[in-house]
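Engineer: Take a look at the following structure, please.
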Amino acid sequence: MDFKIAVIKGDGVGPEIVDEGLKVLDKIAQKYNHKFEYTNVLGGGAAIDVTGEPLPKESLDTCKASDAVLLGAVGGPKWDNIESSKRPEKGLLALRSGLGLFVNLRPATMHESIKEASPLRADIVEKGVDFVVVRELTGGIYFGERKTGVENGVEFAYDVEKYDENEIRRIGKKAFETAMIRNKKLTCVDKANVLDSSKLWRKVLNELAKDYPEVELSYMYVDNAAMQLVKDPSQFDVIVTNNIFGDIISDEASMITGSIGMLPSASVRGDDFGMYEPIHGSAPDIAGQNVVNPIATILSVAMMLRYSFKLEEEAKAIEIAVTNVLNAGYRTKDIYNGVGQVVGTKEMGDLIANQI
Ligand code: IPM
Ligand code: MN
């Protein structure tokens, strides 16, 4: 089959990891007889340098006309002093919002063979780590009303956390559906002891729960969830949460599994279209050194095959290839903890592609 993929390499380590993702995708194309047509699209700092905008209209249009988007990472110190509405991160947010990608799936799965890379004690990760964070991606404080100013000579700034019931219902449905195809356990992470917005989340989720009687729904305050994640991550199956809590919890989740360099993500909206990116950022401090872990991006490519192209066998082939390479003892620097052999970004990409 033929698929059109918009490719945003972005900034920092972005180009390096995307190249490895495409290497693996090319191997899939060859082996399974598919055609993937890539269109490079400017986004983030790379777009600011050329056009002055973090997401030129042309970029958004190309993404809209594609079957899926593969994104590396955006941002870096070079653009730190730009006015906030023109920062590289704004390009990413405009993409998520402009493409209507309100669901962000961030699976946190620990690979058996790199358990030693987890900073948690062996007896804690012994029971395994396998859950998915369903993060709301186009609402809340990221997109709420904001203002900066001076009042009576005192500087102020605010950002509003606002959700309406429809926004909560559509992400809630996705979360229940995700729970249905997993272990039917859904935890809503919120701050309902303080925030009215969290209370509305609970009201809407309680209503939805009636349609999914098999799913065990529970609630957990975000501070407690942060603690429970390091105390016993095996208790979680599906976590649903707002944009900002999902951002924070998913970084924590990634570290539990060994490294933030391992976790992929899919941003979707209910049809086949989606944007796929590692959950980590542009890591400018290690860019251009062939040391960044490409696995999060390679696994994001697997998610693209699964969710947007419905190529389950091909997606599995990538995931198995990653597992095999890890089992064989190959490690990038971030997941090396005294066991196995350290390889560079390109070598890791080659090893995985060769397994397919
Ligand atoms: C992420 C990132 C982004 C976010 C930034 C770069 C805007 O941290 O994808 O988690 O906060 O959503
Ligand atoms: Mn983040």
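Each Cβ is built from the backbone N, Cα and C atoms, and glycine gets one as well.
Just so you know, TrEMBL annotations never went through curation; they're auto-generated.
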Engineer: For the substrate site, TrEMBL lists R96, R135, D223; sort out which one of R87, R106 goes with them.
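Structural biologist: Given R96, R135, D223 bind substrate in TrEMBL, the matching entry from R87, R106 is R106.
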Engineer: Out of G76, S84, R96, D223, D247, which binding-site residues have CB atoms lying under 6 Å from ligand 2?
Structural biologist: D247
Engineer: Have a look around V291 (NAD(+) binding site) and count the other CB atoms within 10 A of its CB, chains all included.
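Structural biologist: Neighbour count, Cβ to Cβ under the 10 Å cut-off: 19.
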Engineer: G76, D80, D223, D247, A283, V291: which of these binding-site residues put a Cβ within less than 6 Å of any ligand 1 atom?
Structural biologist: D247
Engineer: Write out the long-range same-chain contacts of D247 (Mg(2+) binding site), meaning residues 6 or more apart in sequence whose Cβ is under 8 Å from its Cβ.
Structural biologist: R135
Engineer: Under 8 Å between C-beta atoms and at least six apart in sequence, can you list the same-chain neighbours of P88 (NAD(+) binding site), or say none if there are none?
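Structural biologist: Correct list: G10, D11, G43, G44, G45, A47, I48, P54, V74, G75, G76, W79.
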Engineer: Taking the recorded Mg(2+) site as D223, D247, D251, identify the other residues of that chain whose CB atom sits within 8 Å of the mean position of the site's CB atoms, giving them in sequence order.
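Structural biologist: After dropping the recorded site residues, what remains is V222, A226, I244, F245, G246, I248, I249, S250, E252.
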